[in-house]
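Asks: Below are the structure tokens for one structure; questions will follow.
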Amino acid sequence: MAISKVWISLLLALAVVLSAPAARAEEAAAAEEAAAPEAVLTLHADNFDDAIGQHPFILVEFYAPWCGHCKSLAPEYEKAAQLLSKHDPAIVLAKVDANDEKNKPLAGKYEVQGFPTLKIFRNGGKSIQEYKGPREAEGIVEYLKKQVGPASKEIKAPEDATYLEDGKIHIVGVFTEFSGPEFTNFLEVAEKLRSYYDFGHTVHANHLPRGDAAVERPVVRLFKPFDELVVDSKDFDVSALEKFIDASSTPKVVIFDKNPDNHPYLLKFFQSNAPKAMLFLNFSTGPFESFKSAYYGAVEEFSGKDVKFLIGDIESSQGAFQYFGLKVDQAPLILIQDGDSKKFLKEHVEAGQIVAWLKDYFDGKLTPFRKSEPIPEANNEPVKVVVADNVHDVVFKSGKNVLIEFYAPWCGHCKKLAPILDEAAATLQSEEDVVIAKMDATENDVPGEFDVQGYPTLYFVTPSGKKVSYEGGRTADEIVDYIRKNKETAGQAAAATEKAAEPAATEPLKDEL
């Protein structure tokens, strides 16, 4: 299970003291910028397709007027649009109010799950990619300039390959000629992954700074600043090539410390859906070397397993401790989060126990643990408190229509929403088939049925199990109106449940080959 974007940000933010923000622009420049006409195109349902068709490359932000992150992005987005309007060719930035009723079909079509969502449209919308770049103007500009050019650049001379030694990950295809299925597949993968890596291609392996110059071609060569430094693959199947790049571009053991050079690998580690094994201990104490040796040995022993490994310093990993519900006095500890969001913990682990404990995990012998606050003894407020240990009972098994908020205590938007939810819940208190609930997502594991990428996140769940991300208004009246319009009665819930069960009851048995 991948960790939500907001938590990944916190994990990394707590690992290093962030530098002070850049100096502000002078007032005269700011005034001049404010007076300039808006460079960001405003799109809506009536002009969206035409705009996408007119521009070979366009970045579109799907936003909501009430979204705090959208408001923070707006001036940076506009500044980037103004700077990129001078680029040759011009790079276009646009925005869509996805909260507007007439634009909601667009949000649905392009799978907008939260705000802001940014997508790159190429070639009239034939290619659509998530924007994975920075959120400040200068970063947006540099990122998009790279995205506009070819996905892979030809290396014609040794001087063209000097960038391969810059300490980043690069992928180079070595071919006898720039044609054929292998080259086509390579370019397809380069286009798909260009947001993450730099790609190059050449017919001269001897131009490259590392690797066998006499290698049989075609071959894909990945350069990296860790482990083997260079690794080759001859499998040009698109799926196999993507897997090769994914597996080779992360260290065998990701290090969680204050070194910012490790943060890109941490980001990729926590975004991965693969099972994750994490050893947390104090890097500055004597036993560290023996633990490190034992852990790296275990990584080699289980190298054939589908699991990613991390070793983290306690001091740098407080965000991870908070996310996983761990305590410093449990260290040294080893934790596994599997692809189904289950977690397995061994606290006070000894170096000599690591291999055996991992073997027990792979053999299915371990019992999962879950982060949960205690179930409230009294729960008499209009908005009901739910925790990980009772969320399924309250939300999915109560037979009621439930609006549930996932929040963080430190979140300003959550604090503003709290009295509004209280008011809405009080208004609906006499309607016994309705519950408004809240869960502190920093103290409880969020069930896998919900995708929580930021705070607050709200879902509406009906008695029949229908689950919808709530993207409606943020006033008490709007929330009440939404619930009353969308709730199921007992009869509707029974009918929906019966209808959902019909295919399973009538579908003939099939033999699976």
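Even glycines carry a Cβ here, placed using N, Cα and C.
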Asks: For the disulfide involving CYS70, grab the partner from CYS67, CYS411 as Swiss-Prot records it.
Replies: CYS67
Asks: Quick one: which of 146-149, 290-293, 510-513 does Swiss-Prot have down as motif 'Prevents secretion from ER'?
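Replies: So the range that Swiss-Prot calls motif 'Prevents secretion from ER' is 510-513.
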Asks: Which ones, of the recorded sites GLY68, HIS69, ARG135, have a Cα no more than 10 Å from the Cα of GLY412 (site 'Contributes to redox potential value')?
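Replies: If one measures from the Cα of GLY412 (site 'Contributes to redox potential value'), the recorded sites that come within 10 Å are GLY68.
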Asks: Quick one: of ARG135, HIS413, ARG474, which recorded sites lie within 10 angstroms of GLY68 (site 'Contributes to redox potential value'), measuring between C-alpha atoms? Sequence order, please.
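Replies: Checking Cα-Cα distances against GLY68 (site 'Contributes to redox potential value'), the recorded sites within 10 Å turn out to be HIS413.
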Asks: Tell me the Cα distance separating HIS413 (site 'Contributes to redox potential value') from HIS69 (site 'Contributes to redox potential value'), rounded to the nearest angstrom.
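Replies: Between the Cα atoms of HIS69 (site 'Contributes to redox potential value') and HIS413 (site 'Contributes to redox potential value'), the distance comes to 10 Å.
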Asks: Using other CB atoms within 10 angstroms as the count, which residue among the recorded sites ARG135, ARG474 scores least?
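Replies: Among the recorded sites ARG135, ARG474, the sparsest Cβ neighbourhood within 10 Å belongs to ARG135.
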Asks: Identify, in sequence order, the residues in the chain of HIS413 (site 'Contributes to redox potential value') that are 6 or more apart from it along the sequence and have a CB within less than 8 Å of its CB; answer 'none' if there are none.
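Replies: Those within reach of HIS413 (site 'Contributes to redox potential value'), by Cβ under 8 Å and sequence separation of 6 or more, are GLY68, TYR455, PRO456.
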Asks: Rounded to a whole number, how many Å is the Cα of ARG474 (site 'Lowers pKa of C-terminal Cys of second active site') away from the Cα of ARG135 (site 'Lowers pKa of C-terminal Cys of first active site')?
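Replies: The Cα atom of ARG474 (site 'Lowers pKa of C-terminal Cys of second active site') is 25 Å away from the Cα atom of ARG135 (site 'Lowers pKa of C-terminal Cys of first active site').
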